[in-house]
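The following features are taken from TrEMBL:
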DOMAIN    41-287  domain 'G-protein coupled receptors family 1 profile'
TRANSMEM  23-47  transmembrane segment
TRANSMEM  59-78  transmembrane segment
TRANSMEM  98-120  transmembrane segment
TRANSMEM  140-164  transmembrane segment
TRANSMEM  205-225  transmembrane segment
TRANSMEM  237-258  transmembrane segment
TRANSMEM  270-289  transmembrane segment
Amino acid sequence: MENDNSTVVKEFILLGLTQSQDIQLLVFVLVLIFYLIILPGNFLIILTIRSDSGLTAPLYFFLGNLAFLDASYSFIVAPRMLVDFVSEKKIISYRGCITQLFFLHFLGGGEGLLLVVMAFDRYVAICQPLHYSTVMNPRVCYALLLALWLGGFIHSIIQVALILRLPFCGPNQLDNFFCDVPQVIKLACTDTFVVELLMVFNSGLMTLLCFLALLSSYAVIFCHVRGSASEGKNKALSTCTTHVIIILLMFGPAIFIYTRPFRALPADKVVSFFHTVIFPLMNPVIYTLRNQEVKTSMRRLLSRHVVC
């Protein structure tokens with residue numbers, strides 16, 4: 001990956017989340033407990049949806065993919081973060097840094113697009129129910145899934161391509177607990193103003209536009225549901241409310257990090273911590289807790305295996 005002869009930095013030193021040993025120990029225990037409890041929950045969601053023939057609607061198909069994306073996303077930062085908490089030297093190679101950055105944006109971009117697809121699914125189901133089975137047929141669902149994976153890949157490869165062109169010849173301390181675009185760019189031995197603008201346009205503007213589009217779509221859905229007298233009104237409101245919560249958890253920190261010039265702020269590490277470690281594992285769980293069909297199916301699955 002080191003395609004620039006002026007790149008002599010072979011590794012980066014991660015300064016970590018905090019320098020306080022007591023706080024590091026506390027965060028280590030909390031993250032480990034959280035990781036061991038919530039991560040299996042995401043895999044349980046996937047197993048439940050795949051094993052229950054009654055959960056074949058597009059809504060559950062996309063929920064299963066959301067759980068898969070978030071579970072995969074959680075493996076990018078959290079495991080290494082836990083190891084670094086108990087290591088004296090927090091070092092990541094140049095190749096490892098670029099690889100981490102690629103998958104971070106690949107899966108993160110794919111998840112953002114998946115939320116857009118889920119909003120479209122809810123819009124058709126609630127506002128155009130007579131056309132739902134035609135519009136959201138299995139072929140369309142798989143095509144949308146392929147499109148969001150491709151979109152995440154394109155988004156990420158642009159980030160990586162821009163960084164690989166930068167020379168790194170001196171400082172190698174990253175003021176964070178993982179590799180991300182803002183911190184890596186600051187270490188380049190060249191003027192990065194244009195690259196920063198391109199990064200903000202690629203990540204920041206895309207994130208902001210997706211966020212505004214999602215809020216607008218759910219505003220339309222809320223207005224449509226409030227004006228109706230259907231029996232499924234409360235269920236539709238509950239589902240859409242859950243989606244909005246996930247959107248706020250997903251896009252709020254991303255907007256804070258990527259829609260401004262790459263200058264360090266005191267809250268950056270805390271926001272990044274929740275954005276990369278905590279929220280990805282919580283998103284599918286929050287959704288499942290508000291979905292009665294998935295909870296019922298999950299209880300049946302667990303009781304069947306407990307009895308066996």
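Even glycines carry a Cβ here, placed using N, Cα and C.
Across 23-47, 59-78, 98-120, 205-225, stretch 98-120 shows the highest tally of CB pairs under 8 A with the transmembrane segment (140-164). Mean pLDDT of the predicted structure over the domain 'G-protein coupled receptors family 1 profile' (41-287): 87. Long-range contacts of the transmembrane segment (205-225) within the same chain, counting only residues at least 6 positions beyond its ends with a Cβ under 8 Å from a Cβ of the stretch, are 109, 112-113, 115-116, 119-120, 122-123, 126-127, 155, 233, 236-237, 240, 243-244, 247, 251, 254-255, 258-259. Long-range Cβ contacts of the transmembrane segment (98-120) within its own chain (Cβ-Cβ under 8 Å, at least 6 residues beyond either end) map to 1, 59, 62-63, 65-66, 69-70, 72-73, 76-77, 80, 92, 144-145, 147-149, 151-153, 155-157, 159-160, 163-164, 178-181, 184, 203, 206-207, 210, 213-214, 217-218, 243, 246-247, 250-251, 254, 276, 280.
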